[in-house]
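Accompanying notes for the structure given below.
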Amino acid sequence: MQIASSPFTHNQRSTRRIMLLVILACIPGIIAQTYFFGYGSLIQVMLAMITALLAEGAVLQLRKQPVMARLQDNSALLTALLLGISLPPLAPWWMIVLGTLFAIVIAKQLYGGLGQNPFNPAMVGYVVLLISFPVQMTSWLPPLPLQGTSVGFYDSLLTIFTGYTHSGENIHQLQVGYDGISQATPLDTFKTSLRSQPADQILQQPIFGGVLAGLGWQWVNTGFLVGGLLLLWRKAIHWHIPVSFLLALGGCAAVSWMIAPQSFASPMLHLFSGATMLGAFFIATDPVSASTTPRGRLIFGALIGILVWLIRVYGGYPDSVAFAVLLANITVPLIDHYTQPRVYGHKSGHK
């Protein structure tokens with residue numbers, strides 16, 4: 001009789017498979033983003049992925065780690081994907097290269113690689129770019145229905161690498177919509193316009209012509225929501241973080257909107273604009289930098305939702321998912337310390 005050695009149960013969900021599933025779940029949101037904002041997002045993702053693989057491979061070589069085995073876990077590709085779709089589609093090529101290098105080399109490998117980083121690498125790269133180059137990082141094109149000039153793949157490629165389309169237009173000219181007015185994202189438009197207009201007048205602007213929220217952005221968020229639900233269905237992520245994130249953000253927005261509807265954005269605008277769904281299902285749920293206990297995940301997600309609302313309303317940036325996630329990452333050791341489940345046979349309590 002042959003006796004097998006342990007382990008006697010096996011989990012087929014390897015890191016490589018989970019990372020690949022998360023990448024595939026991003027596809028609905030990427031399709032929507034490409035349709036409404038052009039091919040630039042796809043180009044940014046490809047540049048980020050190439051940079052991430054080269055950077056991670058070089059660092060692993062320097063650390064004398066097995067290069068191919070580490071690269072095949074798909075974690076570098078996922079970091080690159082999240083950063084690539086977070087940047088404006090026509091941002092200069094050197095920005096995505098710089099941000100990806102910072103995310104992989106500094107925010108991930110400097111801490112020891114996958115499983116050791118205390119902060120979400122993609123969001124570290126994003127915040128570094130946002131603080132360093134705020135103008136370029138807020139230069140989003142108008143959504144397709146409002147575009148004054150259609151930007152195809154070739155023009156997107158030219159603009160990313162040279163700054164101009166084949167007809168000589170730069171990013172600032174491309175931002176001008178069909179009505180001759182320079183466009184911004186719904187959250188940015190709402191936040192800026194509140195200084196001089198009440199909310200009901202702001203919502204008459206064409207950018208807010210969507211069924212749920214801003215034109216284009218509502219479908220991008222819906223796409224990432226669909227992908228996030230797929231991850232929940234496949235049990236690739238826990239439900240605690242996205243649910244508590246969205247409930248906290250929606251709750252804060254609902255209370256403020258009911259108290260002063262002329263001064264605050266509606267819950268739907270908060271939930272279906274910016275990077276809300278991407279953040280809730282794909283960024284905040286990073287298993288390395290997020291809380292690891294069930295109660296801790298609820299607290300962690302709710303904290304991010306509250307921070308997103310606070311920074312959007314009172315901070316200097318119209319969208320704030322990256323800042324909120326990184327700030328919440330700082331609290332993870334404390335949250336995990338006080339939310340560890342009691343071990344059977346031991347009394348609860350902390351010394």
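Cβ from N, Cα, C; glycine included.
Here's what Swiss-Prot has on this protein:
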- 18-38: transmembrane segment (TRANSMEM)
- 40-60: transmembrane segment (TRANSMEM)
- 87-107: transmembrane segment (TRANSMEM)
- 121-141: transmembrane segment (TRANSMEM)
- Thr185: FMN phosphoryl threonine (MOD_RES)
- 211-231: transmembrane segment (TRANSMEM)
- 241-261: transmembrane segment (TRANSMEM)
- 264-284: transmembrane segment (TRANSMEM)
- 298-318: transmembrane segment (TRANSMEM)
- 321-341: transmembrane segment (TRANSMEM)
Quiz prompt | Beyond the flanks of the transmembrane segment (321-341) by at least 6 residues, Cβ under 8 Å | solution = 86, 118-120, 123-124, 126-127, 130, 274-276, 278-279, 283-284, 289-296, 299-300, 303-305, 307-308, 311, 315, 350
Exercise. Using a Cβ-Cβ cut-off of under 8 Å, list the residues of the same chain that are 6+ residues beyond the ends of the transmembrane segment (87-107) and lie near it.
Key: 33, 37-41, 43-44, 47-48, 51-52, 55-56, 59, 76, 79-80, 117, 119-122, 124-126, 128-129, 133, 136-141, 151, 156, 159-161, 163, 171, 174
Quiz prompt | Chain residues outside the transmembrane segment (121-141) and at least six past its termini with a C-beta under 8 angstroms from it | solution = 37-38, 40, 79-80, 82-83, 86-92, 95, 98-100, 102-104, 106-108, 147, 151, 171-172, 174-175, 183-185, 188, 283, 317-318, 321-323, 325-326
Quiz item: In the same chain, which residue numbers or ranges, 6 or more beyond the ends of the transmembrane segment (211-231), come under 8 angstroms Cβ to Cβ?
Solution: 21-22, 25-33, 35-37, 143-146, 185-187, 189, 237, 242, 268-269, 271-274, 276-278, 280-282, 285
Quiz prompt | Neighbourhood of Thr185 (FMN phosphoryl threonine) by C-beta distance under 8 A, where only residues 6 or more apart in the same chain count | solution = Thr138, Trp140, Ile207, Gly214, Trp217, Ser273, Gly274, Pro318, Asp319
